[in-house]
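As given in Swiss-Prot:
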- Glu88, His95, His181: Fe(2+) 1 binding site (BINDING)
- Glu88, Glu149, Asp185, His188: Fe(2+) 2 binding site (BINDING)
Amino acid sequence: MATNTFKQQVDSIIQSRHLLQHPFYIAWTEGKLTREQLRHYAEQYFYNVLAEPTYLSAVHFNTPHFHNVENSGDISIRQEVLKNLIDEEHGEKNHPALWKAFAFALGADDASLTQADALPETENLVATFRDICINEPFYAGLAALHAFESQVPDIAAVKIDGLAKFYGMKDPDSYEFFSVHQTADIFHSQAEWAIIEKFADTPEKQAEVLAATRRACDALWKFLDGIHENYCANLICEEKTAATLH
């Protein structure tokens with residue numbers, strides 16, 4: 001498969017499930033969510049924030065040190081994944097800490113973050129990414145990460161704007177998680193794609209990348225379905241009414 005066609009297929013999968021098209025995020029951009037609904041979202045997504053470093057650890061583990069006939073990969077890939085992992089967990093402003101600052105600004109606390117029962121869709125999100133990153137080749141794991149991180153810069157910009165405009169969140173410390181990812185994930189997703197493009201060099205490997213991309217996008221979409229259906233009944237009623245009127 002030609003490289004440009006392969007990239008187009010990956011991009012098409014991502015665009016068909018782009019998270020900014022989800023009703024929950026649309027409601028966010030329109031200021032229709034309550035702070036309580038956002039808090040529930042923050043508590044649920046915290047499960048994924050804590051799990052993200054383990055996805056990277058799994059890809060790092062699965063990446064061979066050397067490239068040969070039997071194994072594709074090399075130390076440069078391991079180093080790139082390690083840089084991403086360090087970004088996630090190193091220092092006082094590690095990403096779980098930044099997410100906690102966001103959640104606390106919405107009224108959450110340590111107890112609500114650690115004791116919130118994970119929705120089935122939340123459990124599915126974490127389980128799906130872990131399964132791909134642990135049990136599939138490294139380039140498929142990177143495809144799952146790329147499926148999400150390639151969307152994040154646009155999502156983060158919209159979230160920051162909505163938080164300031166509709167929810168009075170104007171302290172940069174409260175939304176630093178998003179501002180950090182708005183920039184960092186441009187580079188992360190570009191690096192991930194460069195590796196995928198280089199090492200998914202057969203039709204079979206490219207098929208694995210496409211399958212991982214679909215699974216990741218579906219799990220992310222279903223996660224927002226879970227938030228929307230469990231915490232946003234008022235919005236669902238409005239949407240059904242609007243659909244009926246049209």
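Any Cβ shown, glycine's included, is placed from N, Cα and C.
Features as recorded by Swiss-Prot, highlighted on the structure.
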residue : record                : CB count, 10 Å
Glu88   : Fe(2+) 1 binding site : 19
His95   : Fe(2+) 1 binding site : 20
Glu149  : Fe(2+) 2 binding site : 23
His181  : Fe(2+) 1 binding site : 20
Asp185  : Fe(2+) 2 binding site : 24
His188  : Fe(2+) 2 binding site : 25
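Apart from the site residues Glu88, Glu149, Asp185, His188, the chain places the Cβ of Asn84, Asp87, Leu145, Val152, His181, Ala184, Phe187, Ser189 no farther than 8 Å from the centroid of the site's Cβ atoms, the recorded Fe(2+) 2 location. A distance of 11 Å separates the Cα atom of Asp185 (Fe(2+) 2 binding site) from that of Glu88 (Fe(2+) 1 binding site). Secondary structure at His181 (Fe(2+) 1 binding site), taken from DSSP and collapsed to helix, strand or coil, is helix.
Looking only at Cα atoms, His188 (Fe(2+) 2 binding site) sits nearest to His181 among the binding-site residues Glu88, His95, His181.
Looking at His95 (Fe(2+) 1 binding site) and Glu149 (Fe(2+) 2 binding site), their Cα atoms lie 14 Å from each other. Between the C-alpha atoms of Glu149 (Fe(2+) 2 binding site) and Glu88 (Fe(2+) 1 binding site), the distance comes to 13 Å.
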